[in-house]
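Colleague: One structure is given below, represented as structure tokens, and several questions about it will come after.
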Ligand SMILES: Nc1ncnc2c1ncn2[C@@H]1O[C@H](COP(=O)(O)OP(=O)(O)OP(=O)(O)O)[C@@H](O)[C@H]1O
Ligand SMILES: [Mg+2]
């Protein structure tokens, strides 16, 4: 599976704990977005640095430098791009890499920008090559060459652009060609959120959605949200439904725990697929190592689904290791399933050195 497939309709969008936005997320997210830097929770370093960049630009009466936002889905890149425009008092134009097929598409957008406008280019790593090259010049010199005609008679007509701020977003900074990366004055790497930060996100959203939730209820949801505000907001909505139907609407730790149990999201944010992978690994293959294809057959999923949908989070959580000899369940995975790993996994010999990759 290539990257293009994973950003659109992946099985991830069908999971309650998937990080990619589904239809319902898209409908409600606008209402839940923080509007300025002060309201934006967490990401302290990014906020502090961005605040300096924007303040300085404002003080100089200049257009802010181009900003690259990189990070996993649902961590707040789109939100931050809108905040940048708001903080600069500038309008924002939103487009995305896949929407720009030809350099001409980009030229049309660039030439219609107003001075100081923010151009948000989502999924910037998926732009076409010719458009990318046009963007280099636009970012650096506020100029594009529009090619008129074909073959030997073709001429390049230079077109001046007003100064603008490009905000590029990518889930994969590593895929950006260095010349593009270098043209951003400021790059912000968004990290996964700490549980305490997610608790604040949940309280804030509950407030906006008019949902009553206590501190333990918010902590319970935060702990299952996989470090991602989008997932926290989604779980909050499902728990709210449960609280309305089965209780008095008030979210407590018990209500949150039972509700998320109904949706098969466990205490650590693993869902059915995640647990199936760990269970197969441990119960059928003694903890591994086992090849990806075999593991996929054992859980009745495509190889790609296991590799791209389930594994990243399991690896991040230290529950699964990818080793040269195959997938291995870590002692933490055994513990998570309430099982005791055999001696050779807990001890210093045998499988233990598999974790040194
Ligand atoms: N720091 C934050 N504080 C409060 N809410 C946040 C924060 N970051 C993200 N959110 C919420 O999470 C949701 C998803 O954020 P956003 O759409 O900005 O993510 P994204 O990084 O653009 O994701 P994608 O890669 O899928 O485009 C939004 O509804 C937003 O309100
Ligand atoms: Mg986005």
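Just so it is clear, glycine is given a Cβ too, placed from its N, Cα and C backbone atoms.
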Colleague: To which of 129, 181, 183, 240 does TrEMBL also attribute binding of ATP at the site defined by 32, 33, 74, 77, 78, 79, 140, 141, 142, 193, 230?
Modeller: 183
Colleague: To the nearest whole angstrom, state the Cα distance for the pair residue 142 (ATP binding site) and residue 327 (DNA binding site).
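Modeller: About 49 Å separates the two Cα atoms.
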Colleague: What's the number of neighbouring CB atoms sitting within 10 A of the CB on residue 78 (ATP binding site)?
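Modeller: I count 20 other Cβ atoms within 10 Å of it.
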Colleague: Return one of helix, strand or coil for residue 140 (ATP binding site), based on DSSP.
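Modeller: Going by the DSSP assignment, residue 140 (ATP binding site) falls within a helical segment, counted as helix.
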Colleague: Could you tell me which of these binding-site residues, 142, 193, has the fewest other Cβ atoms within 10 Å of its Cβ?
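Modeller: Least crowded of the binding-site residues 142, 193, by Cβ count within 10 Å, is 142.
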Colleague: Looking at the domain 'AAA+ ATPase' (63-194) alone, can you tell me the average pLDDT?
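Modeller: Mean pLDDT across the domain 'AAA+ ATPase' (63-194) comes out at 94.
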Colleague: In angstrom units, rounded to an integer, how far apart are the Cα atoms of residue 327 (DNA binding site) and residue 140 (ATP binding site)?
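Modeller: If we compare the Cα positions of residue 327 (DNA binding site) and residue 140 (ATP binding site), the gap is 46 Å.
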Colleague: With the Cβ atom as the reference point and anything under 6 Å counting, tell me which of the binding-site residues (78, 140, 193, 322) are near ligand 2.
Modeller: 78
